[in-house]
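A short worksheet on the structure shown next.
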Amino acid sequence: MEQQSPPASSSTTVTSTTPLLPQNHPWWRRHFHMNNSLSSELSGAVGDLGTFIPIVLTLTLVSHLDLSTTLIFTALYNITTGLLFHIPMPVQPMKSIAAVAVSETPHLTTSQIATAGASTAAVLFFLGATGLMSTLYRLLPLPVVRGIQLSQGLSFAFSAIKYIRYNQDFVASKATTPRAWLGLDGLVVALSSLLFLVIFTGSGDHYDRNGSDDDQPRRRNSKRLRILGSIPAALIVFLLGLVLCFIRDPSIFGDIKFGPSKIGFLSITWNDWKVGFLKGAVPQIPLSVLNSVIAVCKLSGDLFPDRELSAAKVSVSVGVMNLVGCWFGAMPVCHGAGGLAGQYRFGARSGWSVVYLGIGKLIIGLVFGNSFVRILNQFPIGILGVLLLFAGIELAMASRDMNSKEESFVMLVCAAVSLTGSSAALGFVCGILLFLLLKLRKMEYSGSAPGFSKFKFESTVGAETSSIP
C-alpha cells in the first residue's frame with residue numbers, strides 16, 4: 001500500500017514515513033537501530049503504566065495473583081515483542097477478565113483467571129493463524145474502527161479524571177471520598193504533575209528531530225523544542241511517584257523481601273475451565289479482537305506508516321503469550337491501542353522503549369518478587385491518573401481523520417453506544433449496522449452495482465491511505 005505524505009502546510013509533523021535506515025543496510029541494523037534519543041524512549045516506556053499498575057495491583061490484592069510471576073512473564077513479553085515488531089508494542093492486562101475477576105462473587109480464582117486468558121488466547125491464535133483476522137481487518141469500515149478507538153480513549157480519560165479527583169478503592173472497584181488538595185497523594189501533586197507534562201510534552205505534536213523541516217518558524221524554534229523533547233518528562237513523574245511511595249509509608253523498607261517467588265504450574269480443574277471461559281473469556285474475546293488487534297494495527301499505521309502491523313501476527317502474538325504464561329499463573333495480557341498511544345505520546349518511537357520497560361520489570365520481579373506489591377499499594381493514584389489521561393486523549397485523537405459527516409456520524413454512534421453500554425462489542429455491532437444501512441440507502445438512491453463496488457473500496461480499513469501522526 002502506498003502511503004500518502006501529509007501536505008507541507010500541515011501543522012502536524014509528528015512522525016516521518018522515512019524508514020529507520022536505508023534499505024541497503026543489513027536487516028539487523030534496520031530492525032534494531034534506535035532512531036531516537038535514549039531519554040525519549042525511556043520516557044515513553046512508562047506511558048502505559050496508568051492502566052497496568054491499577055489492574056495488576058487489584059488482581060494481586062483481590063485474586064491473589066502472583067506479582068513476581070506476572071512481572072517476569074510480562075517482562076519477557078515486552079522484550080520479545082519490542083524486538084519483533086520494532087514499535088513500542090504495549091503489553092497490557094486483559095481488562096474485561098480483570099473486571100469480572102474482582103466483581104464476581106465469589107471472586108475468580110487464579111486458576112479461573114488463567115483459563116479465561118488461555119481460552120481467549122486460543123481463539124485469537126486460531127483467527128491469526130488461519131488468516132481470518134487479516135480478512136476481518138481488511139473488511140472493517142474505518143469509521144467503526146475509529147469509533148472503537150474514540151470510545152476506548154474517552155473511557156481511559158474518564159477513569160483518569162476519577163483517579164485524579166477521588167480516592168480509589170481498587171479492591172471494591174469504586175471511587176470513595178474526594179481527594180484532598182494537600183498531602184503526598186493530593187490534588188496539588190496530581191495537578192503539578194499534569195502541568196509539568198503539559199509544559200514539557202505539549203499536545204504531543206513534537207518536533208521531529210530525525211526529519212527535515214523546511215518551515216522557517218519551526219526551524220527557529222527547533223533548539224527550544226529539542227531541549228524540551230530531550231527531557232523524559234513521564235519518566236520523571238513516574239520516579240517521583242516511586243519516591244513518594246517510601247515517604248508515605250517508611251515501613252515499606254522493613255517489609256521488602258528479596259528474591260522471586262517460586263514459579264510452577266497451576267492446578268486447574270474442569271470447573272475452572274468452565275467458569276473461566278463462560279465468565280471471563282466470552283466478554284473478553286470481542287474486546288481483544290477489536291482493541292488488541294484491529295485498533296492497535298490501525299493505530300500503528302497512523303503513527304508509523306512504514307511499520308504498520310499485520311493483524312494476523314498481532315493476533316498470534318496475543319495467543320502465544322497467554323498460551324505460555326497463563327499455565328504458570330501469569331496475568332492474562334494483550335496488546336492495546338491505548339498503551340501504544342500512551343507510549344508514543346511520551347516519546348517512544350521504536351521497540352527499544354518496551355525492551356527497556358521489560359528489563360525494568362524483569363529486575364523488579366527477580367529482585368523484589370511479591371514484596372513489590374507493598375510499594376505499588378502506596379503509589380500516588382493521582383499520578384497514575386495523569387499518565388492515563390494523556391494516554392486516553394492520544395488514543396481518542398486518532399479519530400480526527402473522519403472527512404465527511406457520514407463517517408463522523410457512524411463513528412460517534414459507535415463510540416456513544418460503546419461508552420454507555422460499557423461494551424465495545426455492542427458498539428461495534430451498532431456501528432456496522434448503521435454503516436451498512438447508510439450505504440444501502442445510497443445504493444437504493446443510485447441503483448447501480450458499480451457504486452457498491454466503489455463503496456466497498458473506499459470504506460475498508462485496508463483501503464484507507466491517510467495517516468495520522
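Just so it is clear, glycine is given a Cβ too, placed from its N, Cα and C backbone atoms.
TrEMBL annotations: computationally assigned, not manually curated.
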Quiz item: Which one of 69-87, 88-106, 145-163 shows up in TrEMBL as transmembrane segment?
Solution: 69-87
Self-check item: Which listed span TrEMBL calls transmembrane segment, if the choices are 274-293, 354-373
Solution: 354-373
Quiz item: Which stretch does TrEMBL mark as transmembrane segment, out of 42-62, 315-335?
Solution: 42-62
Self-check item: Positions on the same chain near the transmembrane segment (227-247), where near means CB under 8 A and six or more residues out
Solution: 37, 39-40, 42-47, 49, 184-185, 189, 193, 196-197, 199-202, 206-207, 209, 253, 346-347, 375-376, 378-380, 383-384, 386-387, 390
Quiz item: Out of 42-62, 113-137, 354-373, 379-397, which stretch has the largest tally of CB pairs under 8 angstroms to the transmembrane segment (180-200)?
Solution: 379-397
Quiz item: So which of 69-87, 113-137, 354-373, 379-397, 409-438 is most in touch with the transmembrane segment (42-62), counting Cβ pairs under 8 Å?
Solution: 379-397
Quiz item: Among 113-137, 354-373, 379-397, 409-438, which stretch has the most Cβ pairs under 8 Å to the transmembrane segment (69-87)?
Solution: 354-373
Practice problem: Take the transmembrane segment (354-373) and find every residue of the same chain, 6 or more past its ends, with a Cβ under 8 Å from one of its Cβ atoms. | Solution: 41-42, 45-46, 57, 60-61, 66-72, 74-79, 81-83, 88-91, 255-261, 343, 348
